[in-house]
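K.L.:
First the structure, which I've put down as structure tokens, then a few questions once you've had a look.
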Amino acid sequence: MRKLTILGATGSIGASTLKVIAQNPQQFSIVALVAGVNVAKMYQLCQQWRPKYAVMATASAASELQGLLKNQAMATEVLYGEEAMCQVAALDDVDTVMAAIVGAAGLLPTMAAVKAGKRVLLANKEALVMSGQLFIDAVAQSGAELMPVDSEHNAIFQCLPTEIQTQLGRCDLSQHGIDHILLTGSGGPFRYSDLATLDSVTPEQAIAHPNWSMGPKISVDSATMMNKGLEYIEAKWLFNTSREQLKVLIHPQSVIHSMVQYQDGSVIAQLGEPDMATPISYAMAYPERVTAGVPALDFTRLQQLTFMEVDFARYPCLQLAMDACFLGQHATTSLNAANEVAVDAFLKRKIRFTDIALINDQVLSKVCATNTQLHCRDLESLLELDTMARHFAHQVLKERQA
């Protein structure tokens, strides 16, 4: 039986993970649940799953949860803060860690799981975007098992030979007859919108993704296609690709989750309903397969599968991410930080939808003008760079609002 810590238990990935565990109680059990400040949801999960540990982001949230659990005479130990998150990610009696804390906040707990040699189910793409080579090196040094959970990377993983699956980050695609990887994306809710109307897009419109059910931040990232940009960077590190070996394609139906094109002309694709329980169950049970509670894809109901080239005028954030990917670690770390600040400001109605790309561009340019790869030797310097990029982003925000 696999014993899990779930980082990000109250989010959408956490919910899908628990759905898979509920379907397969003989194969998986929960040791620790980790969340931000959603006490009501965490209390509900503690009642249902009875974890040994529950970790909240803040002391006040932990105190509130502790009070609720005490009233029910529950034995779950309540902890709080980043150090506690890292602690439960590295517990001896845990062998699998679902890394699903959104954004830069997930980096240190995810890295703690890696350094402890766990099977790390990587749903937090920002961890790789921010730390790249450091992350891959830590996986190699500890013997951790890296399993991609993002539907696209999981799809690519399923389309690759076993030799590459067991050598993520250090594989040679061409040696195994692979020409390139095709990363698919739906294009989000505005793929057919008049470009002139994007200025006036509301947070509610941006969050309404046509195919996937996701949290607010990732939904906005899908609308700008920054999400695909972050996935592009993650794919570069996971599959050790050159620029020529990694391509992005718009696929509105989200049925083909990604494809691998081989040198002999063959293309292997992974298809399925757009439900995160499928890639999560695959990553949890690998190399076996278990019930995910997802309906089978009904080919008779598929009207068509269509594909389009990316229009970078519509998706400038994707272009920024693809360029940053091959500029160096300083570029991807700072772009991710700027984007988190910009998306948060958009969700709070402080800026327009189209301002997200402008802020990202300005911060990236400023960081690249003052920093080089030499600044990214360790986690501390990466976190300093992250802080600096956020400071720049807040400065740009103030200037735009002045």
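Yeah, the Cβs are placed from backbone N, Cα and C, and that goes for glycine too.
Found this in Swiss-Prot, in case it helps:
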type	residues	note
BINDING	THR10, GLY11, SER12, ILE13, GLY36, ASN38, ASN124, GLU126, GLY215	NADPH binding site
BINDING	LYS125, SER151, GLU152, SER186, HIS209, SER222, ASN227, LYS228, GLU231	1-deoxy-D-xylulose 5-phosphate binding site
BINDING	ASP150, GLU152, GLU231	Mn(2+) binding site
K.L.:
Give me the CA-CA distance between GLU152 (1-deoxy-D-xylulose 5-phosphate binding site) and ASN124 (NADPH binding site), in Å, as a whole number.
P.N.:
13
K.L.:
Which entry in the list of binding-site residues, THR10, SER12, ASN124, ASN227, has its Cβ near the fewest other Cβ atoms, using 10 Å as the limit?
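P.N.:
Each of the binding-site residues THR10, SER12, ASN124, ASN227 was scored by Cβ atoms within 10 Å; lowest is SER12.
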K.L.:
Residues other than ASP150, GLU152, GLU231 within 8 Å, Cβ to Cβ centroid, of the Mn(2+) site?
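P.N.:
Everything else in range on the chain: LYS125, PRO148, SER151, HIS153, ASN154, LEU183, ASN227, LYS228, GLU234, ALA235, SER258.
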K.L.:
Looking at the binding-site residues listed here (THR10, SER12, GLY36, ASP150, GLY215), whose Cα lies nearest to that of GLU231 (1-deoxy-D-xylulose 5-phosphate binding site)?
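P.N.:
Its closest listed neighbour, by Cα, is ASP150.
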K.L.:
Where ASN124 (NADPH binding site) and ASN227 (1-deoxy-D-xylulose 5-phosphate binding site) are concerned, what is their Cα separation in Å, rounded?
P.N.:
11
K.L.:
Name the secondary structure element type, per DSSP in three states, that contains ASN227 (1-deoxy-D-xylulose 5-phosphate binding site).
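P.N.:
DSSP call for ASN227 (1-deoxy-D-xylulose 5-phosphate binding site): helix.
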K.L.:
At the Cα level, what's the spacing in Å between THR10 (NADPH binding site) and LYS125 (1-deoxy-D-xylulose 5-phosphate binding site), rounded?
P.N.:
18
K.L.:
For the binding-site residues listed here (GLY36, GLY215), which one has the lowest count of neighbouring CB atoms within 10 Å of its own CB?
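P.N.:
Across GLY36, GLY215, these binding-site residues, the one with fewest Cβ atoms within 10 Å is GLY215.
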